[in-house]
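Here is what Swiss-Prot records for this protein:
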- 49-52: region 'Interaction with host proteins TAB2, TAB3 and ZRANB3' (REGION)
- 92, 98, 107, 111, 204, 208: S-adenosyl-L-methionine binding site (BINDING)
């Protein structure tokens, strides 16, 4: 089971250069040993130092960039509507689109990944009113983190977030059951099983969900056809 951590409901603006504190502020249960490690190549975009707990925040790349991103997010922020309408997958196909559709009130929940816990967008999001994030490491990756961003002012926000996490675990369990299959086949089979409900959680239009599932089924058929030839 993954162990996501929800950020504090109201994360206050950070007036410190302590690189350990700013991460714990949004991800309280991060392992202590994480800060004794050297910054990875992605962290180095935002901090500099021998270890993370001894590092300094970069003025332009983190502090100023977070301020710019937070100002932009505030201009795009909208209170939660009473009803949500389906969105196109294209609107959420990149990280900014994923969180922008949430903070602008188009949908109650979205998901994206960051390559560093010092990513300015992540820290800016956590300072917005009625916006929360759940964070957990991406499986089989040394640096990626999955961020589930959701609305606190809609009951659908956390409900959908929790169900997303359940489906994520289900997919992992399916892939474990299929451990003797090829990585490609495991990925497609598990995706087909959860694709419809996952698409509905993300508020995608039903016709786009249908199209995506057909695409996955076609890929599955192509793989099976190749395997039958060999």
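Using the three backbone atoms N, Cα and C, a Cβ is placed for every residue, glycine included.
Computed over the region 'Interaction with host proteins TAB2, TAB3 and ZRANB3' (49-52), the whole-number mean pLDDT of the model equals 96. The number of other CB atoms found within 10 A of the CB of residue 111 (S-adenosyl-L-methionine binding site), across every protein chain shown, is 22. Close to residue 204 (S-adenosyl-L-methionine binding site) in the fold, though at least 6 residues off in sequence, lie 86, 87, 88, 89, 212, each with a CB less than 8 Å from its CB. The DSSP breakdown of the region 'Interaction with host proteins TAB2, TAB3 and ZRANB3' (49-52) into helical (H, G, I), extended (E, B) and coil residues amounts to 1 helix, 0 strand, 3 coil.
Residues 92, 98, 107, 111, 204, 208 are recorded as binding S-adenosyl-L-methionine; their most distant pair of Cα atoms lies 18 Å apart.
According to DSSP, residue 107 (S-adenosyl-L-methionine binding site) is assigned to coil rather than to any helix or strand.
Note on the binding-site residues 92, 107: the fewest other CB atoms within 10 A surround the CB of 92. Classification of residue 204 (S-adenosyl-L-methionine binding site) by DSSP places it within a strand. If you draw a 10 Å sphere around the CB of residue 208 (S-adenosyl-L-methionine binding site), it holds 15 other CB atoms from the protein chains shown. Here the Cβ of residue 98 (S-adenosyl-L-methionine binding site) has 21 other Cβ atoms within 10 Å, regardless of which shown protein chain they belong to.
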